[in-house]
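Notes follow once the structure below has been shown.
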Amino acid sequence: MVSIHNSFILLMLMISICFCEKCLTNEECDLKWPDAICVRGRCRCSENTIRKKSASREWVCLATNDATGNSGPPLTCPTPEGAGYQVMYRKDGEPVKCSSKKKPDTCPEGFECIQGLSILGALDGVCCPDRAKTCVHPIFDHPDDGYLSRWGFDGEQCIEFKWNPERPSSANNFKTRAHCEDYCIGSINGITNYHQSNFHLF
């Protein structure tokens, strides 16, 4: 009797693991990451982006090009798209590399290891702000020379601002309001554990 009960629990656990990332529509994927589409029950990142695992978001899309359209660096963070290299955790000015396969993660609190675009070897990733820390980064508004519309979380809601990708930025930078709201308002309970004073650009 006990073994049947344990087998049933194991079966239910396997079903929940198998179906936790299933998608039915393009809209639900697009909400989680702009322009992602649902292909055979799995969200697929758009052209010029690659899907990578994320401990705080399940998955993220990394841009293969920088925000100006040129080939991007092999190590980058998911946001801001095309300029994620600006927000990597650094020590003595150098990006802190990590292993995306090692558990637990070796990144400091508030950061998670995101695998690079084309990096091989034991240290195949870089420490990026996790979901909660991303949402408490300051918004870098560039009203004078910003030419791209972006959205950032101000602690209460997502607001629109102008962004110049060639100037310093923070991870609190999203292409769409829906992406900002899903990223930040969807995890608002975890956000209160972080403070803006923990933010360091480099």
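Cβ coordinates are placed from backbone N, Cα and C, and glycine is handled just like the others.
Of the cysteines listed (Cys135, Cys180), Swiss-Prot assigns Cys180 as the disulfide partner of Cys158.
If you go by Swiss-Prot, Cys135 shares a disulfide bond with Cys184, out of Cys61, Cys77, Cys184.
On a Cα basis, Cys135 (disulfide bond) lies 9 Å away from Cys180 (disulfide bond). Taking the disulfide-bonded residues Cys135, Cys158, Cys180, Cys184 in turn, the residue surrounded by the fewest other Cβ atoms inside 10 Å of its Cβ turns out to be Cys158. If you take the Cα of Cys135 (disulfide bond) and the Cα of Cys158 (disulfide bond), they are about 10 angstrom apart, rounded to a whole number. Note on the domain 'BPTI/Kunitz inhibitor' (135-184): mean pLDDT across this stretch is 95. Between the CA atoms of Cys158 (disulfide bond) and Cys184 (disulfide bond) there is a gap of 8 Å.
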